[in-house]
Amino acid sequence: MGYGWALFSVALVSAAQLLLKWVMMHLPPLGALRLWLDPAYAEPLALLMGGLLAYVCSMGCWFMALRRLPLNKAYPLLSLSYVLVAACALMIPEFNERFTFSRLMGVALICGGLLLICLPAGGKGDTPRR
């Protein structure tokens, strides 16, 4: 169940990141805070609160994951959010994200590193010391 909590935390933090990106594209600059009170910005402000709530919920899930998983297995899973956010940002036309070969290689290296860390090697090096 620890991996489930960790993956749910990653999903929430990734959704929060995408939501906050969209919100910041639709709100006035931070220097014009008084404009944020304009009723025309009610929807983006509500989504901003939703994004922040997703971050808080993500932390709660992360705490649950840490109760059940060793840190050396749980912490690398956070890098999945880089992969998820990059992939999802490409699918949102409004973000106008570009995907280059070097970014693809970066995502592939993250995935490869996760496999090396999280999958058991089955060799002597994986047995715990006493």
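Don't overthink the numbers, they just go from 1 along the chain as shown.
Glycine residues also receive a Cβ, built from the backbone N, Cα and C atoms like all the rest.
According to the topological domain annotation in Swiss-Prot, Asp38 and Thr100 sit on the same side of the membrane. Along the topological domain 'Periplasmic' (26-44), the predicted structure has mean pLDDT 84.
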